[in-house]
Amino acid sequence: MPKVRTKDLIEQFHLELISGEEGIHRPIDTSDLSRPGIEMAGFFTYYPADRVQLLGKTELTFFDTLTSDQKQERMKALCTEETPCIIVTRNQDVPDELLQASRESGMPLLRSSQTTTRLSSRLTNYLEGKLAPTTAVHGVLVDIYGVGVLITGQSGVGKSETALELVKRGHRLVADDSVEIRQEDEDMLVGSSPDLIEHLLEIRGLGIINVMTLFGAGAVRNYKRITLVINLEIWDQKKNYDRLGLDEEKMKIIDTELTKITLPVRPGRNLAVIIEVAAMNFRLKRMGVNAAQQFSERLMSAIELGNQE
């Protein structure tokens, strides 16, 4: 099922429907837009018919210089069965040839009061957000000191309980149990909650609680960029865990690699505090302050100094 149809653009941007009402359910499969200037001159070899077409002042001014036969020919070529719609910007008058071609092909012809550049920018942002690659991950997403932390781990390891403690400490819940993730840009993953379980948290033995009702609107947010993954696992005596923080694990989601920290879970460990510190330490590293690296350098300097003596 298509994520975006022409009718969605009409509703989102309050576009005026001039003709082609029967085609408003046409799918839009790309966030790329087209301003068919070269096509107005008659070159249709590489015409991207599957894109939303924008006709601005430049295109229509040139169109006025064409002969009557050329106008009809160009507009018929523009209005294909594949084209989602044509949008005339700046509330300009719609040429009769375009109106006729739209009616014959059933292609939606729309009009906007916005400038071409402004509308193009808004359309691109909207379509990129809607058409971005998506996936779902089992875990909890929390905003901790401005860092989007995705907490993962096996079922029953304590993800939701840890998230509840983090919310009590003033941080904000984004999603629990199922995190919908979309890649809005290169190296940019944004997580949100499915509508059905938005603002809800499931605690074993307690049931489902509404975080916004209990803790207020400041305890939740609708979406957050994910920059850090913390994986909780039951403590394994045979496994060697990182004690210095020099080695950095990575986890790939869609086409983006994220920093991953594995935290062993055992009785007596305050996971909420550890995750808080992990988020703060992650921010420090991004600012160029790496405590583990500094310790390693001091240690090497001390060893070299000892060898010289």
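Glycine residues also receive a Cβ, built from the backbone N, Cα and C atoms like all the rest.
Residues 264-269 are the range that Swiss-Prot records as region 'Important for the catalytic mechanism of dephosphorylation', among 18-23, 102-107, 168-173, 264-269. DSSP assigns Lys159 (ATP binding site) to a helix in the three-state reduction. Between the CA atoms of Gln154 (ATP binding site) and His138 (active site) there is a gap of 9 Å. Of all Cβ atoms in the protein chains displayed, 18 besides its own lie within 10 Å of the Cβ of Val157 (ATP binding site).
Listed in sequence order, the residues Leu232 complete the 8 Å Cβ shell around the ATP site centroid, once Gly153, Gln154, Ser155, Gly156, Val157, Gly158, Lys159, Ser160 themselves are left out. Cα of His138 (active site) to Cα of Glu202 (Mg(2+) binding site): a distance of 13 Å. Comparing Cβ neighbour counts within 10 Å across the recorded positions His138, Lys159, the minimum falls on His138.
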